[in-house]
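These features come from TrEMBL:
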| type | residues | note |
| --- | --- | --- |
| DOMAIN | 5-126 | domain 'SEA' |
Amino acid sequence: TTAAALERFTVNFTITNLPYTSDLENPDSAKFRATKRVMNMMLDRLLKESSIGPVFRGCETTDFRYGLPGSHRDETRVDAVCTYSKEPSAEPLDRVGLYHQVSNKTRGITQLGPYSLHKDSLYING
């Protein structure tokens, strides 16, 4: 049998109550590291409870960016890369289904833990 391959997908969203600061540009800053740790933990918890939970391996927040074009200074874009184990016989990632599950678990893309989300900002693998 062929071993399961680790597949990656991206998750992007905007937090409306996390002011973007230069600290979030610097991967070595305490604020970047602390925020990344919290993001990874919350994304992991969210996706472990989804349909990909059994094969889900974890998320790594890669970047924080200034919010959506035309947005306010108090918004921060989050980019993360998540990994799951895909059996050769398994269906490709159902990103639409996963999007809906994440949407449901974040109250219609409005809340992730202590963070408020921009409801039109969630992208999964796109």
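Residue 1 is the first one shown; counting continues down the chain.
Keep in mind that glycine also has a Cβ here, set from the backbone N, Cα and C atoms.
As a whole-number mean, the pLDDT of the domain 'SEA' (5-126) in this prediction is 93. In terms of DSSP secondary structure, the domain 'SEA' (5-126) contains 37 helix, 40 strand, 45 coil.
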